[in-house]
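J.: Have a look at this one before I ask anything.
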Amino acid sequence: MIQRHLGQPRLIQNGGDAGGVKAVAQKQTQRRLDQIFPAGRGSHANLHSIPTGYACIIAALTENSQRRHCFAARPSLCVAVMDDSKTNLIGLSRDQLIAEMASIGEKPFRAKQLWHWMYNRGETDFAKMTSISKSMHGALAERYVVRRPGVTKELISADTTRKWLLKFDDGHEAETVYIPDADEERGAVCISTQVGCTLTCRFCHTGTQLLVRNLSAAEIVGQFMVARDSYGEWPTPDDGGRQLSNIVVMGMGEPLYNFENVATALEIAMDGEGIGISKRRITLSTSGVVPMMKECGERLGVNLAVSLHAVTDEIRDRIMPINKKYPLKELMQACREYPGASNARRITFEYIMLKGINDSAADARALLKLVKGLPAKFNLIPFNPWPGSEFDTPDIKTTKAFSDILQDAGYSAPIRMPRGRDILAACGQLRSESQRERASLAKARAAAGIADEHHG
């Protein structure tokens with residue numbers, strides 16, 4: 001595994017070569033930093049989490065619990081704190097962007113120019129948008145920014161899966177993963193839609209991190225843009241030359257509980273004059289929010305994946321509490337009514353194999369009965385263990401026997417081998433990396449008998 005900390009500063013205590021930036025350490029700045037980096041209070045260990053583009057002055061506690069300022073030695077990282085008075089143009093729909101330009105007296109063509117530069121070229125600096133007049137650069141910069149989420153950490157697995165820990169303007173975090181195709185030089189970007197998750201599926205690590213908030217459209221589409229930054233895929237390449245060829249909305253959170261922001265983000269991603277990902281290359285996964293499934297299909301027309309994982313209400317109630325609200329009968333009816341579902345665009349049923357819970361031959365036959373008449377295919381996912389999980393992974397013989405029953409009935413039912421397991425990027429393993437680190441740090445401090453009152 002390769003681990004890379006991005007924007008890692010060297011710590012300098014008061015004095016020394018920090019004098020040149022002391023003026024930045026005003027009370028207003030400190031209050032803003034406390035909002036952005038609440039987890040950094042009281043611990044030098046979290047200094048590496050400061051992303052490029054944020055001010056790198058933080059408040060740290062000395063041994064006698066007196067607050068003092070520490071500075072990053074890299075001047076390039078000592079920049080102005082985020083200006084909340086400026087509107088981020090990323091995440092605005094075309095109509096919203098046109099309205100913003102109209103508010104400053106500009107015609108719709110200005111919005112079209114900006115759209116091209118932001119989403120086709122990946123540009124964030126107005127001064128480098130050469131088709132826009134120089135006189136306009138300053139006017140735009142006074143009111144607007146083009147900003148992606150900050151990258152706190154990038155992890156690369158032995159199998160080339162890549163995971164980014166992203167930090168948003170308010171200090172909250174989510175994870176984004178690039179999953180390479182096993183056979184081709186391309187892959188999918190798995191994006192998150194919530195900080196934490198509304199649901200509490202018992203087999204899923206993300207479900208142990210309760211919902212904090214929904215992500216905005218900017219924070220959702222921004223994840224794909226961060227991935228493109230990392231792989232250097234700007235300007236938007238032709239379909240044949242794309243490594244980041246697909247989007248799967250399968251990260252942290254339930255997308256249909258944040259549908260408006262998810263829809264806006266995906267509409268931006270699908271726009272042919274920008275990022276240009278075809279709807280046929282986008283798959284949205286839901287745990288079964290029945291009332292929103294039809295609207296999703298009608299508005300977006302993307303591929304649907306359903307996190308099924310059980311063939312009876314009894315088992316699904318146990319491992320997926322959402323089933324108590326939308327039981328299997330209602331869920332399967334919503335699947336049958338999903339717009340655009342056909343033999344050419346089958347619904348994917350995701351099925352995590354849990355040893356002794358849902359992995360028997362009888363379960364496989366019941367699954368066939370459940371989807372009868374539906375244009376369906378299956379992804380069989382051996383359970384990916386995580387610390388504290390209560391489930392086990394079935395052996396390969398059991399999993400293959402399950403798959404064979406489905407395939408003998410004419411369905412595609414590959415066994416999806418875990419990708420990125422060594423960096424906790426596999427299915428069901430996503431959870432804020434820094435939250436794990438803070439939990440580990442808290443345990444270590446407790447074991448050492450050190451008070452932890454300043455740790456979140």
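Each residue, glycine too, has its Cβ placed from N, Cα and C.
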J.: Give the range, chosen from 1-21, 106-126, 421-441, that Swiss-Prot lists as region 'Disordered'.
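T.: Of 1-21, 106-126, 421-441, Swiss-Prot gives region 'Disordered' for 1-21.
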J.: For the S-adenosyl-L-methionine site that Swiss-Prot assigns to GLY253, GLU254, SER307, LEU308, HIS309, ASN384, which of SER245, SER285, SER403 is also named?
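T.: Record check against Swiss-Prot: S-adenosyl-L-methionine site with GLY253, GLU254, SER307, LEU308, HIS309, ASN384, extra candidate from SER245, SER285, SER403 is SER285.
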J.: Report the nearest neighbour of SER307 (S-adenosyl-L-methionine binding site) in space among the recorded positions GLU175, CYS190, CYS197, CYS201, comparing Cα positions.
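T.: It is CYS201, whose Cα lies nearest.
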J.: About how far apart, in whole Å, are the alpha carbons (Cα) of SER285 (S-adenosyl-L-methionine binding site) and CYS190 (disulfide bond)?
T.: 11
J.: If you measure from the CA of CYS197 ([4Fe-4S] cluster binding site) out to 10 Å, which binding-site residues from the list GLY253, GLU254, LEU308, HIS309 are inside that radius?
T.: GLY253, GLU254
J.: Taking Cα atoms as reference points, which of the recorded positions GLU175, CYS190, CYS201 is nearest to ASN384 (S-adenosyl-L-methionine binding site)?
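T.: Ranked by Cα distance from ASN384 (S-adenosyl-L-methionine binding site), first place goes to CYS201.
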J.: Looking at the recorded positions CYS190, CYS201, CYS204, LEU308, which one has the fewest other Cβ atoms within 10 Å of its own Cβ?
T.: CYS201
